[in-house]
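Novice: Below you will find the structure I want to go over with you.
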Amino acid sequence: MNITFLGGGNMASALIGGLLERGFAAAGIQVIELGAEGRERLTARFGVRAVAAADATALACDALVLAVKPQQMKAALAPLAGRLSNQLVISIAAGLRLADLGRWLGAPGAPYTRLVRCMPNTPALIGAGVTGLYADPSVDAAGRAAAGRILAAVGSTVWTDDEEQMDAVTAISGSGPAYVFHFIEALEAAGRALGFDEAGARRLAIDTVLGAARLAAGSEDAPAVLRQNVTSKGGTTEAALASLAAAGWHDELVTAVHAAAARGRALGAELGRD
Ligand SMILES: NC(=O)C1=CN([C@@H]2O[C@H](COP(=O)(O)OP(=O)(O)OC[C@H]3O[C@@H](n4cnc5c(N)ncnc54)[C@H](OP(=O)(O)O)[C@@H]3O)[C@@H](O)[C@H]2O)C=CC1
Ligand SMILES: O=C(O)[C@@H]1CCC=N1
């Protein structure tokens, strides 16, 4: 499979690194990247062909991965409009709907429909991402399998057959690493306040999150059961959880995820208007 990336920033680099590690050949990967520095970095790091604009060689691919910022997408797709034959187009952009991407990519009156919308996350950088995927109903099983293979190179995959759920995926797992990093920051700050130096507090915080996530991933017990296993009657955890409950922490996090999903929907509506 030959893959071309439109945009060669953070997420494209994560995906390319994962694909190469999984045995995809560098010769089968190209990147269309505006920045000269970015192009040099991509070629030096991955040995892939990087070009400033979509030439015929870049478009002679099986899959085109759209990896520019949502706000950059319409302008980035303009030079491609009406030039695609049957390439599978995979967007990783937050918010943007397939109908709008298809309109921007197609010829007048003939929207492009061989489209898959995905939402990976930054742990993809170390092959530990999770990606939600939604395919236009016209995409055949081979197209879905190809998209799944590309994203599986950087972690696990979860399909949905409802495009609206992609805003939920974005809010839960796309943005999710930021919530976890924020949690680590708070645990580290607490460690500092309780007398540890930065390195010690950070080690305790990060390894706690890492260990708990690995335990949850490998356990048949639900996270609530694992939490109860830590919580001794009349003990320290119970005191902390009571304090979190009084602060409404659980509900606040649910509200925050709703805010992210709403922002994804609004972004799609705003950017898709024209
Ligand atoms: N960051 C995250 O956690 C996640 C991001 N995403 C999505 O991934 C996409 C990419 O995000 P990210 O990698 O963080 O962004 P980056 O800004 O790191 O990468 C985008 C790249 O595209 C380049 N670019 C801009 N316009 C064009 C163009 N017309 N033609 C070619 N290249 C262009 C940019 O160059 P320049 O810098 O010069 O503008 C930049 O190098 C976004 O749509 C985002 O919603 C998805 C999941 C998680
Ligand atoms: O914050 C954002 O909009 C992007 C999408 C998911 C993670 N980062």
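Placement of Cβ uses the backbone N, Cα and C atoms for every residue, glycine included.
Straight out of TrEMBL:
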- 3-95: domain 'Pyrroline-5-carboxylate reductase catalytic N-terminal' (DOMAIN)
- Leu6, Gly7, Gly8, Gly9, Asn10, Met11, Ala67, Val68, Lys69, Pro70: NADP(+) binding site (BINDING)
- 163-266: domain 'Pyrroline-5-carboxylate reductase dimerisation' (DOMAIN)
Novice: On a count of neighbouring CB atoms within 10 A, which of the binding-site residues Leu6, Ala67 is highest?
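Specialist: Of the binding-site residues Leu6, Ala67, the highest Cβ count within 10 Å belongs to Ala67.
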Novice: When the domain 'Pyrroline-5-carboxylate reductase dimerisation' (163-266) is classified with DSSP, how many of its residues are helical, how many are strand and how many are coil?
Specialist: 86 helix, 0 strand, 18 coil
Novice: Counting by DSSP, what is the helix, strand and coil composition of the domain 'Pyrroline-5-carboxylate reductase catalytic N-terminal' (3-95)?
Specialist: 41 helix, 19 strand, 33 coil
